[in-house]
Every structure is written in structure tokens, then in C-alpha cells.
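The annotation active site, nucleophile is assigned in Swiss-Prot to Glu158. According to Swiss-Prot, the feature Mg(2+) binding site maps to Thr46, Asn48. Here Swiss-Prot flags 99-115 as compositional bias 'Low complexity'. Per Swiss-Prot, the feature region 'Disordered' maps to 1-23, 82-126.
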Amino acid sequence: MSLPNPDNRPLLIGPPTGPEAPFPFRMEGEVISGFGRGSKELGIPTANLPVDDENAWIKNIDSGIYFGWASLKLPASHPNSVLYQKPPTSEPVMMDPVQQQQQQQQQQRNQQQQQEGGVGSAQQEKLVDQETGQWQIYPMVMSIGYNPFYKNTVRSAEVHVLGEFAADFYGVGMRLLITGFIRNEKDYSGLEALIADIHFDCEVARHSLARKGWRVRELGVKEGEEEGELDGSWLVR
């Protein structure tokens, strides 16, 4: 089903070869709580990063909607972590195909370590419990600015990570590789128009990042996909 697109915006941003100068930008920090509107009013949860001296450049960048890649250092206790050990009685955890692939790869590495290093299952579980987390990559779309619809007086960086999560991740480390600009901020006549535009922004991000010049190599290759050419090593190092 096609999404509303009253302004006839394109689904693809930038050339197929990849981001153009001055992109990509980098940003990192711990996820903080925001205005509390993303999930409650919009149904679009956001993970906010502080606009501080560590990310001073963001104070002067044009306000608007950007897109790119996010990496989250989810602890082993988080249900969406590739290191997560699901309790026998727990409910199924929602995972998108990328998360499933990353978890399968980690499980294969764990099994290989057990076979090669002689690590028993009890000891392996202990090692996983002590793990502080592992960087996992997701596409993202983000707003930088004041959000005219809500008349914010404080400049913010609100990130919508394009994935399904079974729990929040406040306090988790997040890194962003911002690859392009989608559109300017604008005011809306009503909440529905704002939500429709955000959903279309997400589709723009998904389509644009699916091209090999925009896809980070560190994601690996799934069946039917081309290997990415964009250097995303900073996201996971």
C-alpha cells in the first residue's frame, strides 16, 4: 500500500554512488529521555541524543530531517541484543530480519568458540552475562531542530531507529552515521499530516539506504542483497 505523498517527494535521496560532501556526519552519546511524545502521540518512538559540547557541530547545522545509520550497544540483558539468552518461559521476542541475522551470526561465533576453545556451556553463559554489549546497526531517520508543530524552544536531536524493539534502551550507547538530508522542518495543520510525513520520511530512508553505495559493509550480505560499499566501521569499533 502506498503512503500519502501530497508534496510528491522523491523516494530516493542522493546519487546511487553514496553520500556527497559534507556528509557523512558523526554523532554519539548515551540515549536520553525526550519530550515523551514519540510513542504516546505519534506511535513513532524516538531515541534522543544530547546536543552538547561533544556534538557541538549540530548547533549550527540546518534544522530538518536527516537519515543514515545508527548503532546501539545493547547489553546482553536486552531482549533485542544478539547476546541475549532467552529464558525458557519468556514470550517470543520481536526481531526484524537484520536482528535475526546478527543474532544467528553471534550464536555461530559462540558455538565455534566453545568447540575451539573448550569453553563449557556454563562458562559461556557467564561470559555472555559479563558482556557489556555489542554494537548492532540499524537504519534510522532523525529530526534536528525545534519541531515547529510543537513549538519547541530547545534544539533537539530525535532519532527514530527503524527496527522492532521489545524494550526501551535509555542509557545505551548510540552512534550515528548521518548520510543525507531529507527535508526542512515545517509546521502542520494537524497531527495526522505530521505523522504521514514522518512515515514517508522512513520510506525515503529505507529506499535510499538499500542501495549498495549507501549500505554499510558491516551489515553483511543477505540473500538477494548486494554487499554494501559504505564504510561503517566507526559504528561498531
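Quick reminder: no glycine exception, Cβ is built from N, Cα and C everywhere.
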Any idea what the Cα distance is from Glu158 (active site, nucleophile) over to Asn48 (Mg(2+) binding site), rounded to a whole Å?
5
Of Thr46, Asn48, the binding-site residues given in the record, which has the fewest other CB atoms within 10 A of its CB?
Asn48
According to DSSP, which of helix, strand or coil covers Asn48 (Mg(2+) binding site)?
strand
